[in-house]
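**Student:** Questions regarding the structure given below will be posed in turn.
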Amino acid sequence: MPIKEDVEHGVEEEIREPLMAENKNLTDGLEDHDESSKGHPWMVYFYTIVAVCGSYEFGSCAGYSSPTQTAIREDLGLTLSEYSVFGSILTFGAMIGAITSGPIADFIGRKGAMRVYSAFGVAGWLAIYFAKGALSLDIGRLATGYGMGAFSYVFMICAAVSVSFIIGNVLSWRALALTGLIPCAVLLIGLFFIPESPRWLAKMGRQKEFEASLQKLRGKDANISHEAAEIQEYIATLENLPKAKLLDLFERRYLRSVIIGVGLMVCQQFGGINGICFYVSNIFETAGFSSTVGTITYALLQVVVTGLGAAMIDRVGRKPLLLVSGSGLVAACIITAVSFFLKVHELSLNAVPILAVTGILLYIASFSVGMGAVPWVVMSEIFPINIKGQAGSLATLVNWFGAWLCSYTFNYLMSWSSYGTFILYAAINALAILFIIGVVPETKGKTLEQIQASINA
C-alpha cells in the first residue's frame with residue numbers, strides 16, 4: 001500500500017508518528033486531498049517548509065560530531081572517552097524527546113510542542129558554542145538531542161547531515177554550531193504564521209478553530225466539508241478503540257508483528273551506522289585518506305542514494321530493498337576490515353586508503369538505499385491501529401538505545417581492533433539478512449488485513 005495511506009491515521013501520534021515512516025511529516029498540510037485543495041496552496045508549502053526545518057535540525061545534530069572531532073578534542077583537551085560521551089549523548093536526548101513528544105503535543109498542541117523542541121535546540125547549540133569543557137558540551141548535545149526527538153523526515157535528515165559534513169570542513173567547530181541555530185530560528189519564527197494542527201483542534205473539540213485552520217491550509221476557496229467530516233469521523237473511531245497497554249503487545253496475536261518491528265530496529269542500528277556516521281572523518285584519517293575529500297564524497301552520495309531508495313520503495317518492494325541493502329553492508333564491512341587488517345600488518349599499504357574509502361562509501365550507499373528508511377516504512381504497515389502507538393514507542397526506544405550503544409562504543413572498538421570492529425559489524429549485518437529472509441514479510445501493495453494474515457499464518 002502507499003506509505004501515506006496507512007500512516008495518515010496520526011491523531012494522537014501526530015508528533016511521534018514521524019519516527020515510524022519515511023514519508024510522514026509533522027503537519028496535516030502534506031496530505032493529498034485533491035478534491036479539497038483547490039485554493040491557493042501557498043500555506044501548505046509554507047507549512048511544509050517550516051515543519052521540515054525540524055528534520056533538517058535533526059540532521060545538523062547527527063552530522064555535527066564527525067567533522068569536529070579532532071578540533072574539539074584539541075581545543076578543549078577532551079579524552080577519547082569524553083568525546084565518545086559527547087557524541088553519543090545526543091541519542092539519549094532524542095530518546096527522551098521521542099517519549100515525551102506525544103503527551104506534550106496533546107497538552108499544548110502541535111505548534112506549542114514544536115516551539116518547545118525548537119527552544120531546546122537553540123539552547124543546546126548555544127551551550128556547545130560557548131563550551132569551555134566537557135560538561136557544557138554534553139549539556140548542549142543532550143539538549144539538541146531532546147530538541148530533535150520529535151522530528152524524523154528521512155530525506156531532510158540526510159540532506160542536513162551531508163551539509164554538516166561539507167561545511168564542517170571549512171568552518172570551525174564553534175561556527176558550525178551556530179549554523180545549527182538557523183533551522184531552529186526558521187521554525188520558531190514560522191510557527192507564528194501557520195495555523196494549529198486541524199486534527200489536534202478537532203480532537204480537543206474546538207470546532208470553529210478546527211474549521212478555520214483547515215480552511216487556511218486548503219485555501220479560502222476550497223471546499224473542506226468532506227475532509228472535515230472524514231477527520232472528525234476518524235477521531236471518533238479512534239476514541240472508541242480500547243486503549244492498548246504495553247503488556248498487550250506480547251499477546252500472541254500481536255507478538256510476531258512486534259518481533260518484526262523491533263527486530264528491524266535492531267538490524268538497522270546494531271550494524272554500525274551511527275558509529276560510522278558520527279565518526280566518519282576519523283575513520284578516513286585513520287586509514288590515511290583525506291578526511292575532507294572522503295566526507296564530502298560521503299555526504300553527496302548519501303543524499304543521492306537516499307533519494308533513489310525513496311523512489312524505488314513502492315516499485316521494487318520493501319523486502320528486496322532490505323536484502324540488497326543488507327548484502328551491501330556485509331560486503332562494505334568486509335572491504336573496510338580488509339583495509340585496516342592490511343594497515344595493522346603493514347601489507348600493501350598503498351591499497352589501504354582506497355579500500356577504506358571504497359568500503360565506507362559502499363556502506364553508506366547500501367544503508368541509504370534500504371536499511372535506513374525501509375524499517376520505518378515496514379513498521380508503519382504491520383501494526384494494527386489499536387497498538388500502533390505503543391508498538392511504535394517500544395520500537396523507537398530500542399532504536400535509540402541501539403543508536404546510543406553503537407555511537408558510544410565505536411571509538412573503544414576501534415581502539416581495540418580497527419579491522420575487528422568491521423568484522424563484528426559484518427557479522428551483525430549477515431544475521432540481519434537471515435532475519436529479513438526468515439521473518440520479515442513483503443508489505444508492498446497489501447492491506448493491513450492481508451499483512452496480518454501473512455504474519456500470523
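Just so you know, glycine gets a Cβ as well, placed from its N, Cα and C.
Sequence annotations record features per position, and here TrEMBL assigns domain 'Major facilitator superfamily (MFS) profile' to 43-444. Taken from TrEMBL, the feature transmembrane segment covers 44-64, 76-100, 112-131, 143-167, 173-194, 258-281, 293-313, 320-342, 354-379, 391-410, 422-440.
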**Student:** If I count Cβ-Cβ pairs under 8 A between the transmembrane segment (173-194) and each of 44-64, 258-281, 293-313, 354-379, 391-410, which range comes out on top?
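**Tutor:** Top-ranked stretch among 44-64, 258-281, 293-313, 354-379, 391-410: 44-64.
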**Student:** Hey, which of 44-64, 112-131, 258-281, 391-410 has the most Cβ-Cβ pairs under 8 Å against the transmembrane segment (76-100)?
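**Tutor:** When the Cβ pairs under 8 Å are tallied, 391-410 comes out ahead.
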**Student:** If you count Cβ pairs under 8 Å, which stretch among 44-64, 112-131, 293-313, 354-379, 391-410 touches the transmembrane segment (258-281) the most?
**Tutor:** 391-410
**Student:** Using a cut-off of under 8 Å between C-beta atoms, tell me which stretch among 44-64, 354-379, 391-410 contacts the transmembrane segment (112-131) the most.
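**Tutor:** So the stretch in question is 44-64.
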**Student:** Would you kindly list the residues that approach the transmembrane segment (422-440) from elsewhere in its chain, counting only those six or more residues past its ends and only Cβ-Cβ distances under 8 Å?
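**Tutor:** Counting only partners 6 or more residues beyond its ends, the transmembrane segment (422-440) has Cβ contacts under 8 Å with 256, 259-260, 263-264, 266-267, 270-272, 318-319, 322-323, 326-327, 329-330, 333-334, 336-337, 340, 359, 371, 378, 413.
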